[in-house]
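J.: Handing you this structure, nothing more for now.
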Amino acid sequence: MDVFLQQLINGLTLGSIYGLIAIGYTMVFGIIGMVNFAHGDVFMVSSFIALILFLLLTTWLGLSSIALALLIVLVLTMALTALWGWAIERVAYRPLRGSFRLAPLISAIGVSIFLSNFVQVAQGARNKPTPPMLNGGFTLLDQGGYAVTLSYKQCLIMAVTAVLLLGFWYLVQRTAFGRAQRACEQDRRMAALLGIDVDRTISLTFVLGAALAAVAGVLYLLYYGVVSFSDGFVPGVKAFTAAVLGGIGSLPGAVLGGLIIGLIETFWSAYFSIEYKDVAAFSILAIVLIFMPSGILGRAEVEKV
Amino acid sequence: MSVAGINVLVEETRARQAAARAPLLAVRGVSAYYGSVAALREVDLDVAEGEIVTLIGANGAGKSTLMMTIFGSPRARSGSITFAGQDITRLQTHEIARLNIAQSPEGRRVFPRMSVYENLQMGATLHAGRYFAEDLERVCTLFPRLKERLSQRAGTMSGGEQQMLAIARALMSRPKLLLLDEPSLGLAPLVVKQIFGAIRDLNIRDGMTIFLVEQNAYHALKLAHRGYVLVNGRITLSGPSRTLLDDPSIKAAYLEGGHPVPDAAGQPAGA
């Protein structure tokens, strides 16, 4: 029971991070029908930006309040990563819009390779550690030597994910921007006929996706205390899987998918073997997709034409 | 004098006045291509304020292309398009829409996974909700059917209802010029009558300027003040609707169940 509870907490934390990245995949896929393979690397870049900013603030500028430093790091990282997201769309994807379908996909893979190599060359290939921060937590259960703990970091990660999901859901469902975004998703040409600047809406979608990846990047750094240039790939693929599992195009689906992948991974590691955790996660994905091809919260297409 | 007689007088006066002023929309020598295939060749066309102008022609004549070329996609490769005195030939689609031209396009293109209400909100994009309540009331009066269905997903409605929604959505932007592309396509005769009645109301009551593209030549010419005939991307005939209705070549090609058979020179059979 105690092991179960602990793994549940760990799994939800990991799943939250996947979920935040998955929102970026799902929004971009929703609006331009493209898998942004570079999104995982944008997440990795944001982790590095956060690391550099954190060291700048605490070591160089001597900021002593960790909480304040984290807040500044979060805001600046979101802004800088959003800029990356915007630039990538502008340089690598927009010129290819209207080209054949695979062109932007290939371009995205190119951007992904570029980003991980760029960081490798600029920052070195070794893992970059951060000083430990936000230590401590709550002890929920303590029987027979196995203590179930919920750390402050885990609380923060889950709370931030929940708040952002609610915020984004509101943005997409209830605001004029969200409506414009959904309109572009359903019929770009018609949206333009109604006066929507489609290119701008797509740009903003990339900016928002990157900003969310940045939040995930900061939380990832905070949680693991270490980041490397290759950290974009595996979390990126898992988050993409999460988006597909939850039903691509659906925001709550992305987070739900993230949580499921996170839970499968941690439970498999705890009860079976850690080496096969990814096999387990992806097998479940395959099984779910066989029976529910549009994902758990995906929409079945029933429309009159 | 009968009411119908007065209406005819009013319409004729309006048409004369309209012709005297500078046109609201002027298409001059416009050619457009899909790749290397010419879809429009040297098209000249005017729509004056307060008019209903119709463009008739067979399937594939280029009617919908002209509608989209007015909105910059596909862009005119030569010639010019001016709206309210401004050259719009090189503007982007959304910039043209922001000048207050609205279109109910071919195939209706309602947003299927949005509610009727949200579709109408999308129509009002230009005004950011300023006149929304008032305009919602207005389009619901014009199409009472929509009022009962505000929360329904647009994709689940019938073809006629979707057409009403497409027109209502276009009206939500308070357009100076309304482009309607085949509003009668695929609809039951009774629904067509309803929709054409609404179009007439808009023009007479609100003075709405309307450019109507139709395959249903008879209905369109009955409704419009003036008409143009498009064959293979070229305007072959134009004039007051009444004249066109009596034109033997039009009768043969479009009105008596016949279909135009364009020959190599692009002329309709019987022209």
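Backbone N, Cα and C atoms are what each Cβ position is placed from, and that goes for glycine too.
Just lifted these from TrEMBL, have a look:
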- A:12-35: transmembrane segment (TRANSMEM)
- A:42-60: transmembrane segment (TRANSMEM)
- A:66-88: transmembrane segment (TRANSMEM)
- A:100-119: transmembrane segment (TRANSMEM)
- A:151-172: transmembrane segment (TRANSMEM)
- A:202-223: transmembrane segment (TRANSMEM)
- A:243-267: transmembrane segment (TRANSMEM)
- A:279-298: transmembrane segment (TRANSMEM)
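A description of the local structural setting of each listed feature is requested, covering burial, neighbours and distances.
T.: Outside the transmembrane segment (A:12-35), and at least 6 residues removed from its termini, the chain residues within Cβ reach (under 8 Å) are 42-43, 93, 97, 104-105, 108, 153-154, 157-158, 160-161, 164-165, 168, 181, 184-185, 201-202, 205-206, 208-210, 212-213, 215-216, 219-220, 223, 235-236, 238-240, 242-243, 246, 248-251, 253-263, 265-266.
Sequence-remote contacts of a segment are chain residues at least 6 beyond its ends whose Cβ falls under 8 Å from one of its Cβ atoms, and for the transmembrane segment (A:42-60) they are 21, 24, 66, 69-70, 72-74, 76-77, 80-81, 84-85, 88, 115-116, 119, 123, 128, 130-131, 210, 213-214, 216-218, 220-221, 227, 229-232, 235-236, 239.
Long-range contacts of the transmembrane segment (A:151-172) within the same chain: residues 9-10, 12-13, 16-17, 19-20, 23, 134-138, 178, 181-182, 208, 212, 215, 219, 222-223, 251-252, 255, each at least 6 residues beyond the stretch ends and with a Cβ under 8 Å from a Cβ of the stretch.
Tertiary proximity for the transmembrane segment (A:202-223) is limited to same-chain residues at least six positions away from its ends with a CB under 8 Å from its CB atoms, namely 13, 16-17, 20-21, 23-25, 27-28, 31-32, 36, 39, 42-47, 49-51, 54, 70, 73-74, 77-82, 84-86, 88-90, 94, 130, 133-134, 153-154, 156-157, 160, 164, 168, 177, 181, 184, 231, 235.
Here the transmembrane segment (A:243-267) has Cβ contacts under 8 Å with residues 7-8, 10-23, 25-27, 29-30, 161, 165, 168-169, 172, 185, 277-278, 280-281, 284-285, 288-289, 294-299 of the same chain, all six or more residues outside its ends.
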J.: Give residue numbers and ranges for long-range contacts of the transmembrane segment (A:100-119): same chain, 6 or more residues beyond its ends, CB-CB under 8 A.
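T.: Those are 32, 34-38, 40-42, 44-45, 48, 88, 92-93, 229-230, 232-233, 236, in sequence order.
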J.: Do any residues, 6 or more residues outside the transmembrane segment (A:66-88), come within under 8 Å Cβ-to-Cβ of it, and if so which ones?
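T.: Beyond its ends, the transmembrane segment (A:66-88) has Cβ neighbours at 38, 42, 45-46, 49-50, 53-54, 57-58, 111, 133-134, 203, 206-211, 213-215, 217-218, 222.
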